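Participant: Below is one structure. I have some questions about it.
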Amino acid sequence: MSPKRLSLRVQLHLKLSLSCESPAAVPSTEANQGFDPPHQSDTRTVYVANRFPEHGHYIPQRFADNRIISSKYTIWNFVPKNLFEQFRRIANFYFLIIFLVQLMIDTPTSPVTSGLPLLFVITVTAIKQGYEDWLRHKADNEVNGAPVFVVRSGSLVQTRSKNIRVGDIVRVAKDETFPADLVLLSSDRADGTCHITTASLDGETNLKTHFSVPETSVCQSVSQLEALQAVVECQQPEADLYRFVGRVTVTQHGEEIVRPLGPENLLLRGARLKNTKEIFGVAVYTGMESKMALNYKCKSQKRSAVEKSMNTFLIIYLVILLSEAVLSTILKYAWQSEEEWNEPFYNQKTEQERNSSPILQFISDFLAFLVLYNFIIPISLYVTVEMQKFLGSFFIGWDLDLYHEESNQKAQVNTSDLNEELGQVEYLFTDKTGTLTENEMQFRECSINGIKYREMNGKLVPEGMTGDSPGGSSPQLMSEELLFLKAVSLCHTVQISYNQSESWLGGDPFSHTNSFSFSHMEYYAASPDEKALVEATRRIGVAFTGCSGDTMEINTFGKTEKYKLLHVLEFDPNRRRMSVILETPSGGKMLFTKGAESAVLPFTTTGEIEKTRLHVDEFALKGLRTLVVACRHFSPKEYIDVDKRLMSARTALQRREEKLQQAFAHIENNLHLLGATGVEDKLQDKVPETIEVLRRAGIKIWVLTGDKHETAVSVSLSCGHFHRTMNILELLQQRSDNECAEQLRRLARRIKEDHVIQHGLVVDGASLSLALREHEKLFMEVCKNCSAVLCCRMAPLQKAKVVRLLKTSPEKPITLAVGDGANDVSMIQEAHVGIGIMGKEGRQAVRNSDYAIARFKFLAKLLLVHGHFYYIRIATLVQYFFYKNVCFITPQFLYQFFCLFSQQTLYDSVYLTLYNICFTSLPILVYSLFEQLVHPDILQAKPSLYRDISKNSLLSFRTFLYWTVLGFTHAFVFFFGSYLLMGEDTSLMSNGQMFGNWTFGTLVFTVMVITVTLKLALETQFWTWMNHFVTWGSIAFYFIFSLFYGGIIWPFLHTQDMYFVFVQLLSCGSAWFAIVIIVITCLFPEVMKKVLYRHLCPTSTQKSQSLSAPQAQALSCVESLCCYQHGQSGCSRLARLLEQMTGQCKASVNNCHTSSRSNRSWSDTENFYSNDRTILTLSPIEASRC
Amino acid sequence: MVKEEQEESSNRPDNTAFTQQRLPAWQPILSASIVIPMFLLIGAAFIGVGVALFITSRDIQLQELDYTGDDSEHPCFKCRTNTEKCTCSMTFSIPTLFKGPVFFYYGLTNYFQNQRKYGASKDDNQLYGDLDYFTNPSTDCDPYTRDSKNMPIVPCGALANSMFNDSFSLSHTVNGVQKIVPLDGKGIAWWTDYNIKYRNPTLNSVFFSGTKKPTNWPKPIYELDTTDVYNNGFINQDFLVWMRRAALPDFRKLYRRITHDDYADGLPAGNYTLTIAYNYPVHSFNGKKKVVLSNVSWMGGKNDFLGIAYIVVGSMCVVMSVVMLIVYARFKFAEDV
C-alpha cells in the first residue's frame, strides 16, 4: 500500500469531514470568537514544538497534561470521598442511621455500641481501599515518571513522561512504547514510515505501518525539526481507536502546505515501536485525553450468586428485626395500658415524659427497640466477606499448579468478588483457537493440482512417498508446485522484522537448504495462519524476504524475484478471502487469491477442483485449518479495466463499500485453482482430560469458534468435547425461519426418541441467529438435552449473545466464559465469570477477564479445587454470621418479656460492641481462609464432588432456614437455661449472696460466646494451627478480657455496672456446671445430626472425606516437610535438615513422596482415569509408613 | 541480563505449605465409631454429676413465708393498705433442725427492678463518694434528681428512692418464752461493692448539707445505721443489696444471716415468730412479699434444675448412643459394599 494512495484517500475523507465542521477549525476565527472555552470548539490546534505564531491574536487552548491518573483518591480528598463511597453502601448507611438515632434519642445503648463497630468496619475498608489506591498511585507514578526524550530549545532533553505537553516533539526509540498520542513527523527511514504493534491496545500482534507527511518526514534530526514550522489541527479526543481526522499545515519558505492526517499518521499511546530505529512525533492528545486512557473502562460490576443470596438474607433479617421491634413496641403499650405497669410508684416518669405526645413516644420507643435489636444485622459481615475475598484470592496466584513454567506466568486475579462463583459453574463457554489449542499454527499438508503433499524436513513430499529421498540436492519442483508456493508466499499481509538487518543485507547467495540467513528475520502477521504459511514456504525454499515500497521480494531457491504490488484486495470477514494483484518480473499482471474454501472454490473455473475439494474435506476432518489458493492471469487490457474499476470504487464518495465489493467480486472470478493448504493448530496440553473432568463435574461445555464447521467438529472430537459415541445433531445453513424451526423440531424429536445416547449439537452462526430470533425456547430445549454444543462460524457479539441467552434462561445457570483473544472479550464480560487465557493474542482478554490463567488445563484446578474451597468457605461464613447474630440478639429480645419491654439490655454495652469485633470474628475469618472440606487432590480426582455444591446448595433457603432456626433454638437454650438456673431466684453462691441482672446477662453471654465458637469448631474440617489458635484463643481472650474489664473501676465510664460481675460469676460452682450443660445441650443435637446424616445418607463429599482421611494425612505429613516440584524430587531445607538429624527419614519421605505425587496431579493420562482406584489402594499402606 | 533472569523467575509462586494450602492440619471426622463411645462416656458422667447435684439440692432446707397479707385471715392483712407504721407477726414451726448457717431472705414478686429507666436512675459517681456529684447529680436520676425545692437529692434516682424498708425480727419460742434470734447484717452484700465500688465521703452530715434525702425515705442516708459507722451511708449493706438490681421480676434479696450464738449451727426444731415492720407497698402492682429462710451448699441455694438437667441430658446421650449403635450396625455394612 503506497503512502501516496493512502494520503489521497485521507485527503478526500478529510475534505468531507473538515469542510462540514464549524469555522472555528481555523485558528484565526477561533481567536476572533475568543470567548469560547477551549474545549468547546470541535478541533484542537497544536503548534508543533509550541511555536505560537508571532503575529495575530492567539489564545492558547488548554490541554490536559500527560499524567495518567487511574487512582481514585488523593491524600486530601481520601477521607471525605472514601467516606461518601462507603456510606453509599446500604449496610453501612443503615448502621450510620442507627448510630444517629442513638445520638438523638434516649436509647438503651450508648452510641458507642454501634459507633465503634461502624468505625472499625469503615476503617478496615478504608485501609484496604487506601492500600489499593496506593498501589495504583505507585503504578501511575511509574508510568508518569518514565523517562522520555523531548525536543526542546534545539536539543534532545530527557524528561519525565508526565511533563510532555501537547505540541511537544517526542522522540521514541525502537521497542519503546509511545508516551502520548503522537502525530508521526519523521522516522529514520527516508519514506517516513514506521512499524508499530498495538497488542496492548486491541490485542493485534501484527506490525502496522504508519506514515508521516512528506513535508515533515525530511526532518530527521533535531536541528531540522527545530526549523519546522507546522500546525496540526485535529478533532477533540475521542475513544475510537481507529478514527482520527486532522490536518497539518507546514510553512515552508513562506508558503503554507496543508496535508490531511488520518489514523495512519497517529501513533497511539500504549502501542510499541517496532522495526524502526527512532521516530519523532508531535504530541496531540496527552494524559487522560489519549485514546488509551479514554478506553479505560470501569469494569462492569459482577455480583456473585453468594452475594445475591446474602442480600436476600439480609432483607429477611431486616424484616425479622422490624417485626421484633414492632412486636415489642406494641406489647410495651399493651402492658402499659394497665396503670400499675405504666408508672409504678417506684419508677415514676418525668414531667417531660408525661407530657410528650403519644405518637412521638411510640416512634421513639420503636426506634429504641430497633437500636436494641440492630445487631441482628451482622455489621461486620460485609467487612469480613471483603477481607476473606481479598486475602483468599491470593491463593490462586500463589498456586504452583496454576503456574505455567514455559511462559513464566502465574494465575492472575483481577477481581476477588467472584471467587466463590468458580465453584458454581454450570455452563462453560470456551473459545477454540488459542484456548483449547496453542494458537501455534504449523503447516502440515497441502494439495497442489490435485495431489496431496506433506511437509517433511523442509521438503514437500507427495503423498505415498517417504520424506528422505536420497541425494536430491535440488528438488525438482513442477511448475504448478512452484506457482503454488509463490502464490502462498506473496498473497498475504505479513510484515518482517529484522533483528539484525546488517547480516542479511550482506547478500550472500541463498541456498534453500540453508535457512541460516533468514534466521534474523521474523514475520509478523495479523493471522497466525498466514504466518505459518509464509514460514512454511520459506522452509521449503520460497522465502518472502521483504516488501519495500511497492515491491515484494521473494527468494526462490536462491534466486531473488521482485514483484510489483499493484493492488491489495483486503481480507474481510464477509468475503472470507483476500487477493493481491502483482506485476511479475516478466511484466505480466497476476492475481493471487487465498481464502476459505467456500469463498474461493465457487469462483474457480479451472484446475483440479473436485480433487481439491475432497482434499480440503479430508484436511478438515483431520482438524486442520484449510485455505484454498487460486490465481488469475490478466491480459494487459483486462488489467486496465480492473485497475479502473478498483480506482473508481476506492475513490467513490457514495456507497464506497458496496462498490468495492462489486469490484472485488468482479475481479476475483474466473480463477484458476492452485491448491489448498492445511495448517494444524496443536491442541493444548491435557485439553481432553480437562474437558472430561469438567464434564464429570456436571459442567456443560459449549465451544464457540469462528472456524468452519468441519474443522470445529474435528477439533471438538480430538479434544474430547464430542465423543465418537455421541449422536451429533446438526443445525447448519438454515436460510429461512420456517426451515430452522422445522429442523429444531426434528432435532427435539430425535432427542426424545433415543434419550439413551448422549447428544452433541453443532450450530453455525447464521442458523444460530435465526434460531435465536424466533425460536429461542425451542432452541434452548434442544440445547439443554445436549451434553455438548459446538457453535461454529461465530462473530464475537454472537458469542456474547449465546452466553446471555443461557444466562437469562429460566434456570439462571451460572456461566463461565474462557477465551484468549480480543474477540472473546464481549463473551468474557457477559458471562458470570470471565476467564482470560494468557495466550498469544495480546492481553485484551486477560485485562477484561475476572481471572486469567496461562493454560486451559488449569481450569480444572481453578474450578474443582479453588472454586470448591471458596464456595464452601464463603457459604459457611455467610450462614454462620447470621447464626451467630441471631444467637446474640434473641436473648435480648426474650429478656424484654421479663422487664416490661423497657428496652433493658441483657448484656453490657462493651460486650454488645465487642461481640462481633473481637470475641467471634477471628475464628470465622480463619475458617473462611483455610477450610478444606476435602483434600484438593481428591477434589480433582473425583470431579463429581463439584455437583455437591452446585446450584448454590449451601446457601439454599433450606440451609438458611436451618441456620436461622438453629440460631433461635440456641438462643432459647441460652436464655431459658440461664433463666431456669436462677429458678425462683435462689442464690447460686456458697455465701448465700445474690446475683443481679448483669450477672445473669453475663452468664448468657459467656455461654453464647463458647457455644458459638464451638459450633464453628464443629463445622471446621481442616484444623491448622491457626484454627486452633484463634478458636481457643477467642474463648481465652473473652475470659481474660472480661476479668480485666470487670476488675477495674473505669474512670471514664459512666457506670460501673460490670465491676467484678464476671469474677463473681466464675467464683460460683453452679455457674460452671450451668455453662457446661447449656453448651453441651446446644451442641449435642448438632453432633448427633452430623453423625446420623453421615451414616444414613452421606453426601459424596462426606464419603470422600472418610475415604481420604488416611491418605490426606499421609499427604499432609509429607508435604509439610517436602516441597517438591513437578518432575523433581527435591526436599525443602527443612526436610533435609530432618534427614540429617534422623538419618532415616529419607526412605520414608521418598516413599510417600512418589505415592503422593502420582495422585497429586494427573500427570499421566492413565493415572488420571484410574485415579479413584489409586486412592483406594494406595492410602493405608503409605500412611502407616509415613 | 542477570537482572532479567531474576525478574523472570520472580513470577514463580513460592513453594511453601502456606501458599500451596497444604499446611499440616488435623482433620477430624465425626464418625459413629468416635461419637458413640464419646456419648456413652459423657452420658455416664453427666448422670453421675446430675445425681450428685440433685442430692445436694435435696438436702437444702427452705422455709418460705408469704406476708403480703392479701388474705383477710392473714395477720398482716391490716397492714396491707395502712400507710402508717404497722407491725404484724407470723408464727411458724420448724420440724427438724434447720442446719446453719441459715440465710434470711426477703422476696418480692411482680417487681420490675430490671426496668431500664429504673436501673439507670442512679449516679455511680455520687455513690463513689464524689462530692461534685452531690450538688450536681446526673440527670439519669430524673425525676428523682432534685426535690420540689430544687435541692439535689443524695442518693439520687429511682433505685435508691425505692429502697426496701420493711424490717424483720425473728424470735424462737423456747419453753413459752420468746428468745430473739440474733440476725447478722454483715456479709450480705458483695465484698467489692462494700469495699470498693461504694464509698462514703467521710461520714459526716456536713458533706450532705445542701442535699436532700430521697423523697420516700424517712431518714437521710447518713442515718441508715447510726449504730455502726461501717454500715452507714453508701456502704450500708441493706442499701448495697438493694442497689444490685435483680435480673427478673420475682426476686429474693439477702436480708440477714443467722450465724451467732446458739443459732450458729442452725435453727433448732420448734416454733418461731417473725415480726414484720410492714412499710413497703406492693398492693398497687399486685406484688407479693415473702420471707425465705434457707441454708446453702457449695452450689448455693435449693436448685433442682441443674441436677435434673444433667440427668436428662446424660440419659439422652446414652439413649442416643444406643440408637446410633443400632443405626451404625445396620448401615455400616451397606456403606462398605
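Just so you know, glycine gets a Cβ as well, placed from its N, Cα and C.
As listed in TrEMBL for this protein:
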DOMAIN    A:60-114  domain 'P-type ATPase N-terminal'
DOMAIN    A:148-208  domain 'P-type ATPase A'
TRANSMEM  A:312-335  transmembrane segment
TRANSMEM  A:366-385  transmembrane segment
BINDING   A:D431, A:T433, A:D820, A:D824  Mg(2+) binding site
BINDING   A:D431, A:K432, A:T433, A:E530, A:F571, A:K594, A:R625, A:T705, A:G706, A:D707, A:R793, A:K799, A:N823, A:D824  ATP binding site
ACT_SITE  A:D431  active site, 4-aspartylphosphate intermediate
DOMAIN    A:846-1099  domain 'P-type ATPase C-terminal'
TRANSMEM  A:862-883  transmembrane segment
TRANSMEM  A:910-930  transmembrane segment
TRANSMEM  A:960-982  transmembrane segment
TRANSMEM  A:994-1017  transmembrane segment
TRANSMEM  A:1029-1053  transmembrane segment
TRANSMEM  A:1059-1084  transmembrane segment
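Just tell me what is around each of these and how deep it sits.
Facilitator: With DSSP classes pooled into helix, strand and coil, the tally for the domain 'P-type ATPase N-terminal' (A:60-114) is 29 helix, 0 strand, 26 coil.
Across the domain 'P-type ATPase A' (A:148-208), DSSP helix (H, G, I), strand (E, B) and coil residues number 7 helix, 35 strand, 19 coil.
According to DSSP, A:N823 (ATP binding site) is assigned to a helical segment.
Taking the Cβ of A:D431 (Mg(2+) binding site) as reference, residues of its chain lying under 8 Å away and at least six apart in sequence are, in sequence order, A:V703, A:L704, A:T705, A:K799, A:V818, A:G819, A:D820, A:G821, A:N823, A:D824, A:M827, A:I837.
Long-range Cβ contacts of the transmembrane segment (A:910-930) within its own chain (Cβ-Cβ under 8 Å, at least 6 residues beyond either end) map to 109, 112-113, 116-117, 120, 375, 378-380, 384, 387-388, 391-392, 873-874, 876-877, 880-881, 884-885, 888, 1001-1002, 1005, 1009, 1012-1013, 1016-1017, 1019-1020, 1022, 1024, 1026-1027, 1029-1031, 1033-1034, 1037-1038, 1041, 1045, 1058.
Proximity of distant same-chain residues to the transmembrane segment (A:994-1017), defined by a Cβ-Cβ separation under 8 Å and at least 6 residues beyond the stretch ends, is recorded for 880, 883-884, 887-888, 891, 895, 904-908, 911, 915, 919-920, 923-924, 927, 970-971, 974-975, 977-978, 981-982, 985, 987-988, 1031, 1034-1035, 1038, 1042, 1057-1058, 1061-1062, 1064-1065, 1071, 1074-1075, 1078-1079, 1082-1083, 1086.
For the transmembrane segment (A:1059-1084), the residues of the chain that approach it from at least six positions outside its boundaries are 969-970, 973-974, 977-978, 981, 988-990, 995-996, 998-999, 1002-1003, 1006-1007, 1010-1011, 1014-1015, 1018, 1042-1043, 1045-1049, judged by C-beta separation under 8 angstroms.
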Participant: Measuring Cα to Cα, tell me the gap between A:T433 (Mg(2+) binding site) and A:G706 (ATP binding site) in whole angstrom.
Facilitator: 9
Participant: When you scan the chain for residues with a C-beta under 8 Å from the transmembrane segment (A:960-982), skipping those not six or more beyond its ends, what do you find?
Facilitator: 309, 313, 316, 879-880, 882-891, 894-895, 898, 988, 995, 1000, 1003-1004, 1007-1008, 1011-1012, 1015, 1070, 1074, 1077-1078, 1081-1082, 1086
Participant: Can you tell which of A:R625, A:G706, A:R793, A:D820 has the least company, meaning the fewest other C-beta atoms within 10 angstroms of its C-beta, among these binding-site residues?
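Facilitator: Per-residue Cβ counts within 10 Å for the binding-site residues A:R625, A:G706, A:R793, A:D820 bottom out at A:G706.
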Participant: For the domain 'P-type ATPase A' (A:148-208), would you mind checking the mean pLDDT of the predicted model?
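Facilitator: Mean model confidence (pLDDT) across the domain 'P-type ATPase A' (A:148-208) is 83.
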Participant: Out of A:T433, A:F571, A:N823, A:D824, which of these binding-site residues shows the lowest number of other CB atoms within 10 Å of its CB?
Facilitator: A:F571
Participant: Need the DSSP three-state call for A:R793 (ATP binding site) to compare against my parser.
Facilitator: coil
